[in-house]
Amino acid sequence: MKVKVLSLLVPALLVAGAANAAEVYNKDGNKLDLYGKVDGLHYFSDNKDVDGDQTYMRLGFKGETQVTDQLTGYGQWEYQIQGNSAENENNSWTRVAFAGLKFQDVGSFDYGRNYGVVYDVTSWTDVLPEFGGDTYGSDNFMQQRGNGFATYRNTDFFGLVDGLNFAVQYQGKNGNPSGEGFTSGVTNNGRDALRQNGDGVGGSITYDYEGFGIGGAISSSKRTDAQNTAAYIGNGDRAETYTGGLKYDANNIYLAAQYTQTYNATRVGSLGWANKAQNFEAVAQYQFDFGLRPSLAYLQSKGKNLGRGYDDEDILKYVDVGATYYFNKNMSTYVDYKINLLDDNQFTRDAGINTDNIVALGLVYQF
C-alpha cells in the first residue's frame, strides 16, 4: 500500500511548493494555505566559497477570497531564511510577494514580486534535486524572479482550449540606489547594476496535451545607464530573451529541454553580460513506485563575442547526476552531483566563475 501511495503523491511534490500546503482556514469563500520546507543541506567541494553548510528554510502562504461569483482575489508570499549563518547576520529575503484578481475564464491579473514569463518555459528543466536553472537567475530582467511585475494570465484559452495557456507581462524599472553618482535612473528600491532592469515587456504561450508540452516565451527590457558603463561588458540599449521548450511528463517518466538565446541579458559572472548567449538545458527523470527518483541533466551557457579580449566562452557547462528518495509526502532526502565541465582559465578567474565539482547532500522536511 505504501508503494502505491508514494507513486501517486510524489509527482504532486515536484510542482510548486504550495502544492503540499497545510490548509489553515477555509470558510465563507476565504481560504488560506501555509507551506514551507526546511532543507538540512551540505555541499562538498574544492571551492571553499561554497564548501560546507548550506542549510535553509522557506515559508510562505497562499490565500484567496471569493469576491463575487465571477471574481476571486488572491495573494502569495514566500520567504527564505538561511540557517548556515550566525544569529547576528541578516541572511533572509522575500522570494515572491504579489496580489491579484481572477475573472473566471477571462484570466487573472496580479502585481508584485513574481516570476518573469520566460520562466513559464525554462522552469520545465528547473527540477533537479539541488542544482539546475542556472543559465539564468533571479533579478535578471524577466528571466526568473524579479520586482515590479504586472502579469496577465489566461488558462485554457478563455475556457475554450484545454491546456492552451498564455501570459503577457510588464516589468517596471528597478534602477540605481540614490547617491551612486547617477543623475538619472534612481529608483526607491535601487540595487547593484548586475541586478537592475529598465522597463520591460514579455509574453509566453504553452500547450499541454496528454503529457506532452510545448512552449515559447520572449522578453525585451530597457537596460539602465549603470549597466552600460565601461565597467561592464555587454553594453546595449535592450536586453532580449527568446526561449523555446519541450517536455514529456507521463508514465513515471519526465523529460524536458529548453533552448534560450539572449542578447545583453545573460550575466557573465561579475564581468557583465554576454552580447549574445546560447543557453541549453535538458533533464531526464524516472519515478519509481517505492519513492526513488533518479535524475540526469546537462546544462550549458555559451557567450559569443564577449569583447574585452574574450571571444566565445562557456559561461556555464556541467552534467548533473542526482537522486531523491521520498519517505512520504513530508520527508525526503537527496544527493546531487554537479560535474563541472568548465576549465580553470583566465576568463573564469576574471569573471569569478566556479570551475570545481560540487556534491550536495540534503534532508528535507516540507509541509
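Any Cβ shown, glycine's included, is placed from N, Cα and C.
Note that the structure is a prediction, hence the values are computed from the model and not measured.
When the candidates THR333, THR355 are compared with the Mg(2+) site entry in Swiss-Prot, which names ASN340, LEU342, the shared residue is THR355. Swiss-Prot assigns PRO129 and GLN346 to topological domains of the same name, so the membrane does not separate them in that record.
When the ranges 116-122, 123-129, 242-248 are checked against Swiss-Prot, the one recorded as transmembrane segment is 242-248. Beyond its flanks by at least six residues, the topological domain 'Periplasmic' (155-163) meets 104-107, 207-209 of its own chain at Cβ-Cβ distances under 8 Å. In the shown protein chains, 18 other C-beta atoms lie within 10 A of the C-beta of ASN340 (Mg(2+) binding site). Residues of the topological domain 'Extracellular' (116-141) grouped by DSSP class, helix first, strand second and coil last, total 7 helix, 0 strand, 19 coil. By number of Cβ pairs under 8 Å, the transmembrane segment (292-299) is matched best by 270-286 from the list 107-115, 142-154, 270-286.
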